[in-house]
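Trainee: Let me give you the structure first, and then I'll get to my questions.
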Amino acid sequence: MKTVSSIILIWMVTSTASYERGEEESCDEVKFVTREQWKARPPVRTTPMALPVSHIIIMHTCFGACDNTPLCKRNVKTIQDYHMDDKGWWDIAYSFLIGGDGRVYVGVGFHNVGEHTINYNDISIGVAFLGNFDYMIPTVEMLNATKELINCGIKNGYITPSAEIHGQRDATCTNSPGNNLYAEIKKWDNFIGGRLPLYHCCADHKKG
Ligand SMILES: *[C@@H]1O[C@H](CO)[C@@H](O)[C@H](O)[C@H]1NC(C)=O
């Protein structure tokens, strides 16, 4: 009997995953690529996010730079496989990913807690640019897509209008989002640089 109820519980947790809610349908300005479109695996589990969030953390993936949609889709899927199979996480780590094609790839989305920034996962949306922005320059399209994504989140009540924008390096010991991308987000309204109160350094987050 215990086993049966555990199985039912697991089924309930996984089947209430809210990817079907479709943040991708709620904003015309954002060119979303849905999980279905990039052929995401279902999450092992999900944790619902308490919305609206008050922080947005910008990061880069280092690997997986792409300039066209078929390649971006493949790279996002490879990142999900890496996070689930090698890192042992429940899903792809990021809330959203920004492709060099100017599209927004739905990771765990607005409605679920990601696995990107220790101490900030349950209070922030993690937006990851595909590529290494110590070397690459973020395009106008990528920056625009990110701003429109944030506007979309605010419009739908998922992000507070006054939400603070940070680079991942402000929260943990990493060079992410890379010097070139960090230089761009510094110019944005609501950007707050410098070490965050819950800054945490751990071996697992040193890379990037
Ligand atoms: C993004 O680009 C579109 C099309 O060029 C433009 O209309 C819009 O104002 C831009 N959004 C932002 C936030 O800059």
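Even glycines carry a Cβ here, placed using N, Cα and C.
The model shown is predicted, which means the values in this text are computed figures rather than measured ones.
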Trainee: Name the cysteine that pairs with CYS152 in a disulphide bond per TrEMBL, restricting the answer to CYS27, CYS62.
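Mentor: When TrEMBL is consulted, CYS152 turns out to be bridged to CYS27.
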Trainee: Of the residues CYS62, CYS72, which one does TrEMBL pair with CYS66 through a disulfide?
Mentor: CYS72
Trainee: Helix, strand or coil for CYS152 (disulfide bond)? Use DSSP.
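Mentor: In the DSSP reduction, CYS152 (disulfide bond) maps to helix.
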Trainee: Can you count the other CB atoms that lie within 10 A of the CB of CYS152 (disulfide bond)?
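Mentor: CYS152 (disulfide bond): 21 neighbouring Cβ atoms within 10 Å.
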Trainee: Validating a neighbour-count step here. Other CB atoms within 10 A of the CB of CYS66 (disulfide bond): how many?
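Mentor: The Cβ of CYS66 (disulfide bond) has 20 Cβ neighbours within 10 Å.
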Trainee: Counting only residues 6+ away in sequence within the same chain, which have a CB under 8 Å from the CB of CYS27 (disulfide bond)?
Mentor: GLU148, LEU149, ASN151, CYS152, LYS155, ASN156
